[in-house]
Amino acid sequence: MPGGAVARVLVDSPLPQLDQLFDYAVPERLRERVRPGVRVRVPLRTGGRIADGWLVELADTSEYGGTLSELEDVVSEVPMLVPEVWALARAVADRAAGNASDILRLAIPSRYVRVERSWLASPGEPGPPPEAPPPVHGAPAGRVEAGVDGGERMTLTADPRPLRLPTGEWVGAWAVALAQAAAHALHRDRSALLVVPDYRDQEQLEAALRALVDSRRVLRTDARQTGGDRYRAFLDATRDDARIIVGNRSTVYAPAARLGLIAIWDDGDPLLSEPLAPGVHPRDAALVRQEQSGAALLFMAHTRSVEVERLVGIGWVQAIEPAAQVRPKVVLTEQQASPEPGSARIPSSAWRQAQEAVREGPVLVQVARPGNAPLLTCDRCRETAHCAACGGTLVVPRAGGDPRCVLCGTSASGWRCPVCDGTRLRAATVGASRTAEELGRAFPRSLVILSDGERPVLRVGAEPALVVATRGAEPIADGGYRAVLLLDGERMLLRESLRVAEDCLRWWSNASALAAPGAPVFLVGVGGALATALSTWRQPEWAATELAARRALRFPPAVRVASVTAGHAAVTRAVDAVRGIDGVDVLGPAPTGEEDEGLQRAIVRFDYGAGARVARELRAEMIRVATERRRPVAGRPVRRPPVLRVRFDDPDVP
DNA sequence: AGCACGCCGACT
DNA sequence: GTCGGCGTGCTC
């Protein structure tokens, strides 16, 4: 056969048994258009349907015994799947017993023909090479730069202050530091990937980058762009120019010329958790990519995640000491009645200082998330409405319709207020807006600004204002807040989750980092080790303690976990296949919470060293179940037996 | 998933 | 002797 006559193709399919390369003959008519990395269409199952796929490589001969089918078509001649990303997708999928094509769906945006055509005519210009940037802020001089040059794995606790950019904009100092690290890589003609949890972080980072490098060198990949813009940025990223690519969790898979740095801001933020199969966290993908590429890796945050602490503990990641011991002035206060009306949640000392501070500039009040369902109150007296049958909270179902009880489901039609005898209900969002109302009454002359998940405010000015925000939605204030009140700590800690403490410390720390230097930060009603960790600004030590506790319980991230869900027989067989491996233990199987016809779930816990084998064995079981499944009855309803579902490193387990 | 192949019962 | 049922297995 002539050279390059065989195309090795990854078919786009969620089926585990198709997650391998298939060989196709390249017909003469396509010989000029095939290149590794292009999107192709291939026949699957002789004369059957046509499937999409990625041409991974060209070869001269095939190992396959049978006769090869011919490649059907080349969809686009742009090689979108670069070899480095293919190797990454394969490794990351194998590690999580998932399909490489699922990873590629995250990694590669969908195609826009018009955009592609205009891009082929005039691709994005990278602009002039950048000058040397100033030293990375918050680290010992030259330390991060040396790490970037040497391909090191690093973590750095960020300077917890807002900084003013030359453009006049205020951003967190972390954004300046990350931008400088990326600019340094660019200065060395290396690309940098900057991964952030949400667009608010992204805005700050982009602002910081604008002050340092030519904007043509910066590409964005995030969900707020139009599909066409995202595709164009992606196409530019496949070019041979060093760039800085900044965006959400899928940015970790972006193509990048001569990758020099992968950086993740606030890796503990749950927004970075990947909901799409196989659910690989960008932190793990970054670790794999770092090893494959030799690029540097930088985890930066105000709060060290327990996962990064583990990596520091085993010496895989170097903890860089911050250049200066800067920390917010955190004051721990007990909850106590305040003499002021409508301010029962605020202790009097904090109250007085907040009142003084709000004359000077913005004051931040952080409250717990209200939850998506609006709470109901009596329309007449504003008393919170409760279920007449069981006393549970009443909510409007998300799908709409009559209000009902969250606990017993009783409809609240015919509700009557026990206080004032009113009969009408009114929606009120609990938390932010209620607090805003109360504070508005208590600070009658102040401007009250509300920022929550639904109506987030990105930034506020330096003028006096009371800014009430749910955790995670705090605006950045020009010059920093004159005081910060962390009001709902106790309530935030009530959430049922293995990670509440970690999450709370992160929310409090991130809000504290918005305070002006020297401004007081009041943590209300919380004591103990967690409060001490915040007030002493020693989050890494707290993470170490937490990791030790999880190690004692054999909880992640001290070990890895995989959940295995299917019918009893299939689960039992699957876990039996891994039970004997060294460093593996199995919890369950037990019925899943819902009464899904006999679904069972088992949790496999395993040491990191056993991960590859566990994934391989469970993957083999998935393929076995998928290929041997039969239609149960010759009846019309073609009901397939429950598939074997395997999920690695699920953040909700245990 | 889909679809072809193949090994047994009722048919021309 | 052959048509077609659906159980079985594979996809280059």
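First residue shown is number 1, and so on along the chain.
Note that Cβ sites are derived from N, Cα and C of the backbone, with glycine treated the same way.
Feature annotations, reproduced from TrEMBL:
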type: BINDING; residues: A:C378, A:C381, A:C417, A:C420; note: Zn(2+) 1 binding site
type: BINDING; residues: A:C387, A:C390, A:C405, A:C408; note: Zn(2+) 2 binding site
type: COMPBIAS; residues: A:125-137; note: compositional bias 'Pro residues'
type: DOMAIN; residues: A:8-109; note: domain 'Primosomal protein N' 3' DNA-binding'
type: REGION; residues: A:122-146; note: region 'Disordered'
Residue with minimal Cβ packing [other Cβ atoms within 10 Å] among the binding-site residues A:C381, A:C387, A:C417:
A:C381
Quick one: Cα separation, A:C417 (Zn(2+) 1 binding site) versus A:C387 (Zn(2+) 2 binding site), in Å?
10
Which state, by DSSP, holds A:C387 (Zn(2+) 2 binding site): helix, strand or coil?
coil
Quick one: mean pLDDT on the domain 'Primosomal protein N' 3' DNA-binding' (A:8-109)?
93
Which site among A:C378, A:C420 has the most other CB atoms no more than 10 Å from its CB, taking these as binding-site residues?
A:C378
Count up the helix, strand and coil residues in the domain 'Primosomal protein N' 3' DNA-binding' (A:8-109) according to DSSP, in that order.
27 helix, 29 strand, 46 coil
Cα-Cα separation of A:C378 (Zn(2+) 1 binding site) and A:C387 (Zn(2+) 2 binding site), in Å?
12
About how far apart, in whole Å, are the alpha carbons (Cα) of A:C381 (Zn(2+) 1 binding site) and A:C387 (Zn(2+) 2 binding site)?
17
Cα-to-Cα gap, A:C387 (Zn(2+) 2 binding site) vs A:C420 (Zn(2+) 1 binding site), nearest whole Å:
16
Per DSSP, how many helix, strand and coil residues does the compositional bias 'Pro residues' (A:125-137) have?
0 helix, 0 strand, 13 coil
